[in-house]
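Over in TrEMBL, the protein carries these features:
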DOMAIN    5-345  domain 'Kinesin motor'
BINDING   97, 98, 99, 100, 101, 102, 103, 104  ATP binding site
REGION    487-517  region 'Disordered'
COMPBIAS  490-509  compositional bias 'Polar residues'
Ligand SMILES: Nc1ncnc2c1ncn2[C@@H]1O[C@H](COP(=O)(O)OP(=O)(O)OP(=O)(O)O)[C@@H](O)[C@H]1O
């Protein structure tokens, strides 16, 4: 590491000697520290006529007067920096001064004479000369050329663009990595293997700079230019590479805005220039102050780019260019003051070495080869990269026997051969993965089955619903039976009452409680039949709703039979059925009498018909009207004989009391009666 303050030099621009007479003097002391004294008459300082002289004294490493040639400038200022760059340290030379003070002349040089070549071409010549001389190292040289104008960076070496204005050039932006290293995006690096190639790049950049220059943008005045030589070096066979950068910087004019007398865009530019230089000054002030932690590098692009050069890893040199004409004295004094602050900045330059990864790989490969050779010599066997077929087979056998061995103390001995050890690990890993795959398959299968569980649940729910439905149906049937039972009991009670107490005389045609209705031999039967008809009609409706008969499954029928058999009232129901049957026969008997043609009975029948509301229930057939001997629906007509005999009725289970009576009532003529009703079939069967 080389610790060094920034070196400051002053160069006075040649001018008419008469103007400078008595203004400045240069002293040299024994330590080669030069001081510049500027003597300013009072009247020049503040406008008042004053014979007193004001003296300003500034110290520099060296002061070059107007006689100084470009060659000496290079030798004294630039050469040491170029040498340190060749040694692997970063270096910076920047020229600072007001417009026209000779910055560009010093850094780049004049175009008129070859001897006017400035620091850049001379440094390039020197560097390539040294590179040629030094065969102990391999050098690589790259060049970049950046222009910063109004805080925007432009690549002056972009070959794709024929710049007619500055904006045609690619814009360069700053990127900062986590280690706070600055990277310039879009700034091209061009390799230069010879001095000529490097100079061509310099000319290309200067040409782009001049072409892009407009009357409003005098590049040399209002922009900063940074010409950088990137040098890499390494010793042959070594993986260590040294990188060094040499910035050669031509700053914009340092004159102050207040004195430029510009406006509009020029003022904006001047502000930018001064702002940029102001931030440079801020950085330098911050660096020159002790215990200052924050350095405002990021405030401008220029200070960001020159970060290393200012207070960092760099050997930096400043050239203060001075114009000592009377009108420029103030600016020259400012420049000198600025230089004095810069001189306080300490830099710590270190060698920028890094290991080249490609070279490291080559070196390691060679080392491996050497070690293999040594191993082969030590073991006496030549090892290849991969195991042979025979070796693999042998290894598989060993692994198999090891895995089968139940002894927990057993060992797998494959020797000190890493290839075999690796193979064993691969084998075990494969086994483990296969096992995991199998477990995953099993688990996914069980997951799949688990997913099907809801289907079982659905089935279960469906069956449960069906069971509930069946329960409801059974409840309905039980209720029906209860109702039937109640009706039957009521009917029986009425019947017994009629028979015993209230039975009217044979000649009385009226029913008890209905004085207007006469009692006939059929009246009792008709009364029972009326009740039963209503009951069965309701029951029929219920059957239609539930569809009981048709949809009753075998199981249900069976269950129902068991239910009927085990029911507490089954005996009573059975008794009731017998009673009903007896009545059925008595009705049939009465009917036969009626059918026998008793005119009296027929007349009596016709008289009582209108009072029997139940006849209207016979499928729309009106009472008292002749239907040509047929008074039943067509369905019944086709199903039963038009003139059935009582024996036929008996044998036909479909015959039932209420309907017989309905049909009787439905015809106005005796002998034209039909029996039966299909709708009562189920109810009849219930009573069977
Ligand atoms: N030491 C010198 N010897 C001979 N001529 C010089 C010297 N210094 C400057 N000049 C001349 O002075 C003129 C202005 O110089 P130069 O362009 O270098 O100034 P500058 O500081 O770069 O100005 P700007 O800030 O505008 O770029 C040029 O013509 C240049 O040749």
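Here the Cβ of each residue, glycine as well, is placed from N, Cα and C on the backbone.
Predicted, not measured: the structure shown is a model, and the values here were computed from it.
Structure with TrEMBL features highlighted.
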residue	record	contacts (Cβ under 8 Å, 6+ apart)
97	ATP binding site	103, 253, 254, 320, 321, 322, 323, 331, 332, 335
98	ATP binding site	253, 254, 255, 321, 323, 328, 331, 332, 335
100	ATP binding site	13, 253, 323
101	ATP binding site	13, 253, 321, 322, 323, 328, 331, 332, 335
102	ATP binding site	11, 13, 95, 321, 323
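A helical conformation is recorded for residue 103 (ATP binding site) in the three-state DSSP classification.
Only 99, 100 of the binding-site residues listed as 98, 99, 100 bring a Cβ under 6 Å of any atom of ligand 1; the order follows the sequence. The residues near the ATP site, meaning same-chain residues not in 97, 98, 99, 100, 101, 102, 103, 104 whose C-beta sits within 8 angstroms of the mean position of the site's C-beta atoms, are 13, 95, 105, 253, 321, 323, in sequence order.
Secondary structure at residue 97 (ATP binding site), as computed by DSSP, is strand. When pLDDT values are averaged over the domain 'Kinesin motor' (5-345), the model yields 83. Taking all protein chains in view, 29 other C-beta atoms sit within 10 angstroms of the C-beta of residue 103 (ATP binding site). A sphere of 10 angstroms centred on the C-beta of residue 99 (ATP binding site) encloses 18 other C-beta atoms.
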